[in-house]
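A short write-up of the structure that comes next.
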Amino acid sequence: MSEDVLLEEDIWEYKSIRKRKPQSNPDSTSVSMQTVTKGKCRPKRKGSGNRKKSVEKNSTPQKSEQRLRPSEDLDPCKDDSSVYAQESVSSLTEQGSPSTRPVCDGYCPSCQMPFSLLVVQTPRWHVAECLDTPGSVEKECPDGLLCTSTIPSHYKRYSHFLLAASRAGEYLVNSTANTVERKMTCSTAAKSSCFPSPVEDSQAEKPSKNLKNVPNNECTSKIKDSEQRKSLNITSESTSSFADVQKPQQVFQLTQTTDNSCKFEFYDFTSSQESVSEDLCSQKDTSQPSLLQSKADFSDWEISYSPLSTCEESEGEAEEEKEVKTSQNKLLKVQNFEGPESNTEVFKFKKQHCEEINTSSCLYHSEKSASQSHVDSKCSNSPCVDNQQEMLSAESSFPLNCNQEFQQPGLLSPAINTGNKESQDKGACVLDSVYSCLTRTQSLLLTEGGRSPLSQKNKVLRAPSVVLTNTDKMTADATEKGTCQESLQPAVKKEENLDSTGVCFPSPISKTVSSHSLASMNAKSSPAKELKQMDIGVFFGLKPKVKEESKGEACLSEGKQIPSSVAPSGKRPRQQKRKAEGSVEDLEAVEESSNKDGGDANVTSGGQRKWRKRFRESSTTDEGARKKQCPFYKKIPGTGFTVDAFQYGEIEGCTAYFLTHFHSDHYCGLTKNFVFPLYCNKITGNLVKSKLRVKEQYINVLPMDTECIVNGIKVLLLDANHCPGATMILFYLPSGTAILHTGDFRADPSMERYPALIGQKIHTLYLDTTYCSPEYTFPSQQEVIQFAVNTAFEMVTLNPRTLVVCGTYSIGKEKVFLAIAEVLGSKASMSRDKYKTLQCLESAAVNSLITMNWDGTLLHILPMMQINFKGLQDHLNKFSENFDQVLAFKPTGWTYSDSCLSVMDIKPQTRGNITIYGIPYSEHSSYLEMKRFVQWLKPQKIIPTVNVGDWRARSLMEKHFRDWMIEGSGHK
């Protein structure tokens, strides 16, 4: 499975969560949380708008509170299928009787209404409606914390912020108790839904849930390596100031032995807590990948904010914050141990013995872990651990400014672990984000807003023991209240000599712990303060956005990089619209994005730059911006020639620029400042001089159907049957190879009589593939023209006061109105600009049929955009003395439908005295015409030039080409 797919799965939580087999362990006093789902279901995007809100309100650990996941299908008969594990270790049974109405426990995370009041709705249904219509009620319930109303409408009339905060506070306070029958909840703040999610229960992890809310603490962690035992030392300093930013170093030293065992032991400092032991991993007989929280995003990188945010509730949060601080202080009373350096708290990691890990399972978990840990600037530890012989140690020191608004919740969580026994695991979830860090990226960058990039030193990889040492300097700033947008990220560098297949690194920090910390952090802010919404780009398959890097800073490292951007002021970055990778418009603009530097561009993990909003990038860009690269299908190999490549500025190595015809999508970028040799035919040359004011000295006119020598290479221009002046270009290379570039063309059987193509072996055909799909079947040009002529003649014969109108482009579709004018015996009236354009054709026949006099003709030529009922009515009103009816033709290839296989299927639109015929007149080849031309020409190689932005479209076209050639050779 590719990295991109895993990242997207992380975002949308595409995980199958099954009921875990209950364990009856007499020695264990803690209970696992278990969630039963009925199959795997994709989450609704709707819930992503209020993730933070749901965390603030639903983090209450009610005894039998039912938890909902966005990936679960809850129907009225299955509401009981998702339950908490009871505090006894007896087996869980499903209670889903279809004959009785299920009574759901728990509370709505939005309005705090008990689910037991629901009559028809399911909890998920109710929560979804609450989130869709959040309500603007600012009046707090008069009962406050004592509200036990059983009237559903009561929860709509009043807000229950205090009740929500109280339930969240109970969650925090209870986490310090010694009871072993404690249920732990994982934060869903970074997930794509506002619903609660299944949780992991570990007594050793409870205290860490509150880390985010620790006030006035500057927590310095130092992880140190010793010879006898690899230990992890965390230094905790308490200061009264949290405004200053310190710059310490961090060294992770991860030890891996040569065998496949991956074990570590987790020791804690607090001796007053009970020892607990629990299996946190899924059993082999279940298909649940892991209970690890995926995508636990502790910043707002992958979300954009709804404008529905206020600051009015900040004063009302004082009491809530005091309660939260009280519970925090209880949790963070950690005994200090003196180590080699002062104020160090020691905790150790030992490796555990792993079963032979299934490759796909390991990669699945580790990739999902990495996608989170990269964003959260830490390597998360899988809670599935056993104690054995080998030790994993990490050495780091990094001070963090830990006020209420900004913390690294996961980095310090192991330091306050309250258990004295290690958590154990028999499953295959040891592989984790450290492994992913090593295998997925070569470097992980950290940029702190406004400050210098990471100073990376002492990066050592010792092959025998596989010890990865990394020293980073990290800084952290206090951010705006209630935001949590800054995050630190360690830089982990993968060396080339690392045998990644043999590495199985458990990392020292648990995602579950981090999620708890985030839940605690979010519980103190008002639920309606900020409504978060999933980035719309993610919905369309894009990778998650990251914050913009600090102004003017770029931490470039060798190879692929995953940036960790930190906003210097803690403000939310402005949401930007993103274009899908590989889109036709920006295909060439993305090709070289991974190796260019730009001041106003940001490199994402996919290698695509995010540009400021602009409609079209200029051909000659400013310094720091990226210049488009000419795609290969516009270059003629073995020559210095390019075809229709004017939007890329000066192309290196190009000695001649060819223009096939005068349509804007082909001459785009060609201006009066063009100073390179331009080659085209006479009609196109006249249009370039007249319309674009290109200097005549740079325009080289080539005659049609005549071999010419351009820079030592023979070139021949052929009629492309597209628009006036449109040509196909045949190149004869010195090696004897013949290359045909069709430009835009409408294949016609008459081309099979071109002398230059008869018997000519074509090596490469650059083919106009605008309609290269079987559904693009429409009548020939001659049939459509004949239909328009007959219809116009009949209408004018029946009513001589009929005005015939034909739509046209700046250049193109002329054949239709010229044929009508000839049959009606009337000139075609047109605007001065159109008249001058047709004068460039230098055709006596055309000049005899056109005029700028609107009054003396039966046929008027209007721009295509004016061929609608309103535009035609306005035009008719100007000539109401002579005409009382309008017959309009709108010749365009885009109005065809599957039913329009012949002109008999063409139906008019009529409103009053105005009739409009949309006729399927195309200047591009239909699928069958293209197929016939290719089978006749028999090129050795075909290169499509249109609709090449999508690999699926390219693959489909290549399949058509193969089928054509096989079918053509079979006829021989």
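Yeah, the Cβs are placed from backbone N, Cα and C, and that goes for glycine too.
Listed in Swiss-Prot for this protein:
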- 14-80: region 'Disordered' (REGION)
- 39-54: compositional bias 'Basic residues' (COMPBIAS)
- 64-80: compositional bias 'Basic and acidic residues' (COMPBIAS)
- CYS108, CYS111, HIS126, CYS130: Zn(2+) binding site (BINDING)
- 191-219: region 'Disordered' (REGION)
- 552-623: region 'Disordered' (REGION)
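Feature annotations (Swiss-Prot) mapped to structure.
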residue : record              : Cβ within 10 Å
CYS108  : Zn(2+) binding site : 24
CYS111  : Zn(2+) binding site : 25
HIS126  : Zn(2+) binding site : 20
CYS130  : Zn(2+) binding site : 23
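Look at CYS111 (Zn(2+) binding site): DSSP puts it in coil.
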